[in-house]
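Reviewing the structure listed below.
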């Protein structure tokens, strides 16, 4: 089977139909990828006592899982470019199940690092990115709505896994719970089976015919060279190195680092993740610190998840409107700054009612950012380069995701107060939102200026963005007209060989 990366022109996104089934599969895969590392923490206390380890040692299980999930982004992107989303997600689901079932038989904390941290984390990485990528292939006009619905899987799974894990823990212990969770994670394989490729059979047949014609041309050329005793030039080292770079770039497009919009997005997101996850980690401990009981403190996370669940699809609908869609980068920048403002105001909440209000606004802001996290990236680089862009972005974000909570914990240990942690996270996110807003304004101005300049130089060769997208959507593979240029090229090459 030829690789999807070489499968020819992409068919037009259907913007519906089977695409909604794909969104449901992505809802499951993305939900497990984001929620599972958070939900598994409920077992850590018993595991800590069982292996007689410190809290920092047991916390490395989640840290390694998160690091592997984000750090394996480029590997996931390469596999998707080579094999497509469906087999990658199915294989990722199998790895998740194997990792958790193996963890049920671990006899040391180091084995848990390997089974839960690396194996399960890598399986979740193979579920996350292909699910986001396949939505971009099925949707164009309704893509923000589809992304918002798929990303809503994270809060839904978090609300589901938290009570489920507690129930499993009370009835089966951590070993029995890991066995059951391993079986549950195999549902990712079912979700992956729903990711049906678009137009694969037609493209494959055309590619096979192309390869046959090219092989015939090469064979004829070699026969003529051998009959006339003309030596075939060997490739130089520079040409071989160039070919190697082209092969690597085919699966992971490093030329994106020359893309102005991609660099702006990357810098802003790396800065944002320094303060993105820490407030969720420390919200319940902060509530207990100011004298709120354990059940009420845990309920704050439930409030956050419920609001987040509603905010993600609602944000997708708003982002898809004709007023927001053309300038969606501004909306994303506002969401990040709004998130940071919530954290800056959190220390003013001295009682439980204040924390409930904070949780509502935090859930709203968190859902807005998550719903547009990948949509804005696809808006910048396009669907064709999106696979490589996701891989490069996630590995860069991996470092700040791991550093954010430890830096917040260090501030709490140093000052003995949680408010400095919230102030740090809020200031970082407001700074990131402001940076993205200013730089996106600059990027929009530069794009408009380049477009005007190109029109002045050669008006006939310039097409508007909407015309380009429409033509891209109309690109379909047709047997007769597509193969005619290959036949002409075959005849031309034969004539050149005969002339030499």
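Cβ atoms are placed via backbone N, Cα and C, with glycine included.
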**OP:** Would you please say which range out of 145-164, 205-224 has the annotation transmembrane segment in TrEMBL?
**Re:** 145-164
**OP:** Please find, within the list 242-260, 356-374, the residue stretch that TrEMBL describes as transmembrane segment.
**Re:** 356-374
Original post:
Taking all residues of the domain 'Major facilitator superfamily (MFS) profile' (19-444) together, what is their mean pLDDT?
Top reply: 81
Original post:
What parts of the chain pack near the transmembrane segment (386-408), using Cβ distances under 8 Å and only residues at least 6 beyond its ends?
Top reply: 63, 66-67, 70-71, 73-78, 80-81, 129, 132-133, 136, 251-254, 256-257, 262, 265-266, 269-271, 273-278, 281-282, 374, 377-378, 380, 421, 424-425
Original post:
Do the transmembrane segment (145-164) and the transmembrane segment (356-374) come close, with at least three CB pairs under 8 A (pairs 6 or more apart in sequence)?
Top reply: yes
Original post:
Are there 3 or more C-beta pairs under 8 Å linking the transmembrane segment (262-283) with the transmembrane segment (356-374), counting only pairs at least 6 apart in sequence?
Top reply: yes
Subject >> Selected stretch (most C-beta pairs under 8 A with the transmembrane segment (91-124)) from 18-37, 58-79, 420-442 >> reply: 58-79
Original post:
Can you find at least 3 Cβ pairs under 8 Å between the transmembrane segment (330-350) and the transmembrane segment (18-37), where each pair is 6 or more residues apart in sequence?
Top reply: no
Original post:
So which of 18-37, 58-79, 262-283, 295-318 is most in touch with the transmembrane segment (420-442), counting Cβ pairs under 8 Å?
Top reply: 262-283
